[in-house]
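Trainee: Let me begin by handing over the structure; questions about it come next.
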Amino acid sequence: MSLPSRQMAIVNPPPPEYINAKKTGRLTNQLQFLQRVVLKALWKHSFSWPFQQPVDAAKLKLPDYYTIIETPMDLSTIKKRLENRYYEKASECVGDFNTMFSNCYLYNKPGDDIVVMAQALEKLFMQKLSQMPQEEQIVGGKERMKKDIQQKTAVSSAKEQTPSKSAENVFKRQEIPAGFPDVCLSPLNMAQEAPPTCDSQTVVQITKGVKRRADTTTPTTSSAKASSESPPPLREAKPANAPVKENTVKSVLPDSQQQHRVLKTVKVTEQLKHCSEILKEMLAKKHLPYAWPFYNPVDVDALGLHNYYDIVKNPMDLGTIKGKMDKQEYKDACEFAADVRLMFMNCYKYNPPDHEVVTMARMLQDVFEMHFAKIPDEPVESMRACHLTTNSAKALSRESSSEASSGDCSSEDSEDERVQRLAKLQEQLNAVHQQLQVLSQVPLRKLKKKNEKSKRAPKRKKVNRDENPKKKAKQMKQKEKAKSNQPKKKKPLLKLEEEDNAKPMNYDEKRQLSLDINKLPGDKLGRIVHIIQSREPSLRNSNPDEIEIDFETLKASTLRELEKYVLACLRKRSLKPHAKKVVRSKEELHSEKKLELERRLLDVNNQLNCRKRQTKRPAKVAVSPRPPLPPPPPPPPELASGSRLSDSSSSSSSSGSGSSSSSSSSSGSGSSSSDSSSSDSSDSEPEISPKFTGVKQNDLPSKENTKQIQCSVPDITSAETALVQQSTGPCGAPGKPPQQMPGCQVPHHLQATESTASVQTQPLAGDCKRVLHGPPVVHASAESHTVLELQCHAPVQKDIKIKNADSWKSLGKPVKASSVLKSSDELFNQFRKAAIEKEVKARTQEQIRKHLEHSAKDPKVSQESQREFGSGFTPESSSNKVQGRSHGEEQSEQQQLPSPSETQDISKLWLLKDRNLAREKEQERRRREAMAGTIDMTLQSDIMTMFENNFD
């Protein structure tokens, strides 16, 4: 038999039956739990899809499935059986679940995916099954039992109300009135519930009291029915003394009862208004997340809570309370509070303490208790009056009962006494009302004055922070006085009026408010959270660090208060945009200054190239047969300084020249450090100090030097390139100086250096040209130049005396730059100082350490740099002895030259160092450019405020 024929031969059996043919199925609480909780949870699980339908053996190509599995089962079959009441008890349904899981384990291997999914479902099934009610009860049985009990009680009550027994009841009622007030729970309630409008009503209510005392086993419903069915025989069997009693009750009770009713309605309406407001607050949308379980009565059938009414005898919910409030069934606020607290107590009684509903009930009860505590209490005098009226009512009821047994004379005397007492009570009540009106007007005036003061001067409270404790103490005293004067009624009313009068916000205003709040700094957000928590009771206990605010749930008064505070904060920050404009203008000035420097450097470079072509001569170089000189450690800075000395006359207006040169000359620093931050005065300054040490060089970069070194880096690179090009050409005799620019004085030692520098600086020419043609390194910091200065000056230890130093100082006085550039540089330096100073110190110390190690390893290089440095600072106008000394030193240096191979190795090393340094600078520049895109506005605003304070 072929494979297709086998596949066609696989036929699925019919699904299991789900309709009980015997009709013996029942609906129990456990089966309801299995259907609504267990099956629903399993069906929603992500692993339940293979078990939701019967196994399709033909589709899955499982020919032996139904031969191995004799009783197939799936979730859909169980669901249909539960819906059609197939099961007689819950154990049958649990057996079907276990059959489904055992079929999976029987047919599949232990490691298969379907087995893992079945194990996960079985675990969930066992967890849900552990929550099932232990006792199985039929769901419809209780209702039938209740109906049977009610029918039996109705029949028994009807049998008791026969004409023969009704007469006995009438005689009993005639004997009881003397002791009746002791039987009633409160004469006030009886007086209110039973107005003496007709004879039958009074008699019926008296029968209620008698019935409750005589028969405690029967429920109140049956007694009420019996009393309602009994009036006709009662009317027939009235005795002769009954009308006398009713007349006395009529003549005495109406006045006192009416007076008490008027008083009670005034007080009740005042308090019940607040109670209705509390009920509206509890039913509001903002309390929905934790108040929704209490909106409606507990649905016992839907939730499967079949023992609920056994534990909770008096169920209560907010819907029932609202219905009673609408029907005006509450007489005072205490009854309303009792029902609300009963609702919460039922929740705490039935549910475990760690249940979610208990937490929600506690949150809602906090809201209720907080609002209920704000309800104004009744005054003490009025309470006493109420007690007096109740006592008088009790006395009246007792006296009326005694008068019913006595004659007409005693009843008339008691009536006169009652009238006198009632008159006194009315006088007392009038006096109390007058006192209350006077007391209520005084705090209202104080509150109006406070509101006017707060509206007139709201800013003084923010400025005078030290006065807050005094004001708080005064406010506390005023509050205590107000409490003693009983002003509690008016304050919550005023708050409610403010909340009602607050104009609600539309969508655009809420959106603008949220945007304005996002603009505020972090220190202002704490005040916003405080405002919201003080005005919103639902958010009072929330964490201020992780609070979530929904504008839709906030009150209109809270939103308006937030709007006022945000506008006040934004007015204070109105000067910030002006400061930002100033910063932008400075940045533009700085960029323009850089562009101008680059343009001038290009002009200087072109001029140097022209002069070099003019000064070319066919003279032979006398030093050509000698081996090339090894480049000493500081050749780049010396060449740069020399070229800049010759070019500084044409660029005398570069930024910050005067201030930097003067500061460097006064501090006695080296000439190379002054050259890096000077223009035209540095070519003739005698800036050689008696002793040069590497430690002193650590103090060289001052405030102005640091700034000007950064600004003059393009000048260094272009000048180095220009000097290299000039030195590669043929030179004349060593004593002859090259042709100079007009107005420029070049010292003799520089001329000698240029004559011998053609061989020394030849390897660096190509590198410097690449630097010139590449992008100008504008962001080069002061550290690199300081390191070169240290390398140049550290080895020098001999004293050099200069003749005519005063004349050279006068000749080298700095030319003052324009005030605009100077002021902008100083302002820029204040911004860059804090960021650069730490970096400069750390790198300088590291370079000093490296230089000392290098000088210790190569003593020859340090001696050569020392000699060259000593001979390089003698001016042209100095004596012939100094010139001769410099020429002698040059000749001695030429005699002590190393071999060409050593020179090439050293030059390669310096090239590698220079390239590494340039690479690090480029990486630093790119990192700063990347970081420049992210701007911390809070930090920028703080920097601007600090800058403005220092600038003023």
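Backbone N, Cα and C atoms are what each Cβ position is placed from, and that goes for glycine too.
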Trainee: If you look at how Swiss-Prot annotates this chain, which of 208-219, 484-495 comes out as motif 'Nuclear localization signal'?
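Mentor: Going through 208-219, 484-495 one by one, Swiss-Prot gives motif 'Nuclear localization signal' for 208-219.
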Trainee: As a quick check of your reading of DSSP, tell me how many residues in the compositional bias 'Basic and acidic residues' (911-930) are helical, how many are strand and how many are coil.
Mentor: 20 helix, 0 strand, 0 coil
Trainee: What is the three-state DSSP composition of the domain 'Bromo 2' (266-375), stated as helix, strand and coil residue counts?
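Mentor: Taking the domain 'Bromo 2' (266-375) as a whole: 80 helix, 0 strand, 30 coil.
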Trainee: Summarise the domain 'Bromo 1' (26-132) by DSSP state, stating how many residues are helix, strand and coil.
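Mentor: For the domain 'Bromo 1' (26-132), the helix, strand and coil counts are 71 helix, 1 strand, 35 coil.
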